[in-house]
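Undergrad: Okay, here's the structure, questions in a sec.
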C-alpha cells in the first residue's frame, strides 16, 4: 500500500507579491525552497490562513534570501499581499518508508526569513 505523507511545509509565510498576469505558480525564496527540500515545478498546496482559501499550483525559485513569496496567475485571485499562507507538499511512500520518514518543516518570520526548521510537530493537547 502507498501512503501520502507530508513531505515539506513552509509555515505561515507572508505573501509579498501577487502577480495576476504572470505565468502561474508560486515563487518562493530559494533559501526556503532548499530548506524545505522542494523542487522547482513541484506541485504544492497553498493554504491561506488569512481567508481560508486552499489551492494547488507549482513552485518556482525566487531570488535566494529575498523573502519573496509571490502567488501568480489565476491563483493570485485567492490571496492578497500580506496574507499568511502555508505551503505544503506531499510524497507517496510505502508503509515501511512512512514508519521512519520525517518531513522538512520550515518556519519563517513576518519578512519570510527562516527562523528555524524541524522534522516533527508537537503533540496537540487540550
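Cβ atoms are placed via backbone N, Cα and C, with glycine included.
Pulled from Swiss-Prot, these are the listed features:
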type	residues	note
MOD_RES	25	pyruvic acid (Ser)
ACT_SITE	25	active site, schiff-base intermediate with substrate
BINDING	57, 73, 74, 75	substrate binding site
ACT_SITE	58	active site, proton donor
Undergrad: Under a three-state reading of DSSP, tell me whether residue 75 (substrate binding site) is helix, strand or coil.
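TA: It is helical.
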Undergrad: Going by DSSP, give the three-state secondary structure for the residue listed as 'pyruvic acid (Ser)'.
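TA: Its secondary structure by DSSP: strand.
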Undergrad: Setting 57, 73, 74, 75 aside, what same-chain residues sit with their Cβ within 8 Å of the center of the Cβ atoms that define the substrate site, listed in sequence order?
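TA: After dropping the recorded site residues, what remains is 24, 25, 26, 55, 71, 72, 76, 77, 78.
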Undergrad: Counting all other Cβ atoms within 10 Å across every protein chain shown, which of the binding-site residues 73, 74 scores highest?
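TA: Highest number of other Cβ atoms within 10 Å: 73.
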